[in-house]
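Down below is the structure, laid out as structure tokens.
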Amino acid sequence: MISRKYFGTDGVRGEVGKEPMTPQWVMHLAWAVGSVLCDNGFAGEKVLVGKDTRLSGYLFENAIIAGLSAAGMEVHMLGVMPTPGIAYFTRTFNAAAGVVVSASHNVFSDNGVKVFARGGYKLPDSAEQQIEAYLDKPMTLVAPAKMGKVYRVAEARGRYIEFCKNSIPLNLPFHRLKLVLDCAHGATYAVAPDVFRELGAQVIVTNAAPNGCNINDGCGSTHPEALQQRVCQEQADIGIAFDGDGDRVIMVDQRGRIIDGDAILYIIAKYRAFKGEQLNTIVGTLMTNLGLEQSLRKMGITLHRAQVGDRYVLEQLQLLQARVGGENSGHIICLDRNSTGDGIIAALQVLAAILEMETTLEDLIADLALTTQVLKSVTVVERDAVINSAAVQTAIQNAEEKLRNRGRLLLRPSGTEPKIRVMAEGDDETLLNDVVNELIATIKEQEKTHA
């Protein structure tokens with residue numbers, strides 16, 4: 001993997017007001033993106049810009065427009081739009097790139113920037129390295145006559161709604177479904193409710209009143225507890241929770257149980273087989289549940305594991321010429337529908353499976369035996385130093401010895417937050433918790449040493 005200074009697994013992120021998330025730095029980043037596009041033969045072409053509902057989005061949206069215009073790129077503004085919607089417009093506008101202002105599932109005080117290449121695919125590491133090289137150069141402006149113009153895309157939300165609706169067969173009996181949506185006060189708030197209502201479902205909408213500061217605040221795909229309760233209270237069939245920018249989805253069955261990304265992948269695999277579109281390969285990650293791998297194998301499907309991060313899932317999908325992949329966190333990519341993870345599209349695949357196969361969400365995963373996973377995170381600034389410390393390395397060896405032949409251990413730095421994630425998987429939940437808690441305690445001790 002190519003070493004990058006600023007880009008993580010999903011673009012650039014940070015706390016607003018601290019580098020890199022200052023207006024000056026973000027403008028420089030946008031100029032760098034535009035400059036790389038010019039170097040690669042896209043001078044003066046269209047670049048799409050969209051954002052989620054964070055208050056700081058106004059600030060960074062304008063900084064990006066200024067930077068792109070300074071590099072001579074033509075800018076088309078989408079306003080608030082789910083990240084996969086921006087990928088869709090990048091593809092259908094045949095734009096040189098799409099730029100997203102979002103920190104996805106992070107707290108509102110964070111923000112970030114991610115970039116789609118032509119075709120709506122996330123940038124490869126090599127392109128991000130080219131952009132970072134420009135960030136080390138002083139910003140310059142093209143000649144005044146070559147500066148980029150700025151336009152607003154008309155009816156963008158309505159166009160994306162129609163795209164989502166057309167991703168599944170028409171005339172399915174959605175009127176049979178009672179849904180509860182959790183829009184995380186994020187970018188799906190003005191899109192997802194209309195998608196499901198226009199298809200005919202009875203829709204109860206929660207967390208769809210963004211004020212700029214409440215995105216992901218105790219809601220959405222990373223906090224589904226309230227959705228679980230609401231589904232049971234409303235006697236709904238299904239709950240659907242998106243994250244702040246709409247590229248993740250987690251679902252809830254009628255009994256209030258979580259249906260995570262691994263279970264969603266299994267349902268999509270079943271649905272495609274039912275329709276005669278058998279999948280030979282599905283791409284997961286190092287975090288993908290062993291139970292899913294075993295269940296897919298029984299269906300004649302091979303699970304390939306990518307590094308954690310939907311960008312790496314996409315790379316493997318393209319390399320293997322496969323169609324479906326994702327992460328247990330809810331990033332689900334259906335490359336024959338959209339070019340990136342799309343929460344609405346993934347949810348529609350599951351609902352179409354229920355309606356066409358005349359079954360329930362509960363029954364679709366009845367034969368999926370997931371193994372127990374214990375996942376915990378700890379905030380660490382000097383992540384590499386802590387992970388490579390002798391104490392943590394010894395603790396890892398001890399943990400692996402305890403789990404020998406009884407499970408597996410994964411410890412990794414987050415690609416989107418200053419955290420270290422520790423995951424243990426196996427059949428003995430008590431053992432898994434003990435192993436993870438001991439490792440977390442050692443990491444916290446070493447964090448103090450390296451602070």
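Each residue, glycine too, has its Cβ placed from N, Cα and C.
Predicted, not measured: the structure shown is a model, and the values here were computed from it.
What Swiss-Prot lists as phosphoserine is S104, and the listing cites sequence analysis. Taken from Swiss-Prot, the feature Mg(2+) binding site applies to S104, D243, D245, D247, supported by sequence analysis. Taken from Swiss-Prot, the feature active site, phosphoserine intermediate covers S104.
A coil conformation is recorded for D243 (Mg(2+) binding site) in the three-state DSSP classification, outside any helix or strand.
On a Cα basis, S104 (phosphoserine) lies 5 Å away from D245 (Mg(2+) binding site). Non-local contacts of D247 (Mg(2+) binding site) by the CB criterion (under 8 A, 6+ apart in sequence, same chain) comprise P82, T83, P84, S104, D310, H331, T340, G341, D342, G343. Same-chain residues that are not part of S104, D243, D245, D247 yet have a Cβ within 8 Å of the Cβ center of the Mg(2+) site turn out to be D52, P82, T83, S102, H105, G186, A187, F242, G244, G246, R248, G343. Residues within less than 8 Å, Cβ to Cβ, of D243 (Mg(2+) binding site) and separated from it by at least 6 positions along the same chain comprise S104, H105, A184, G186, N216, G220, S221, T222, V249, G330, G343. With a 10 A radius on its CB, D245 (Mg(2+) binding site) counts 36 other CB atoms from all the protein chains.
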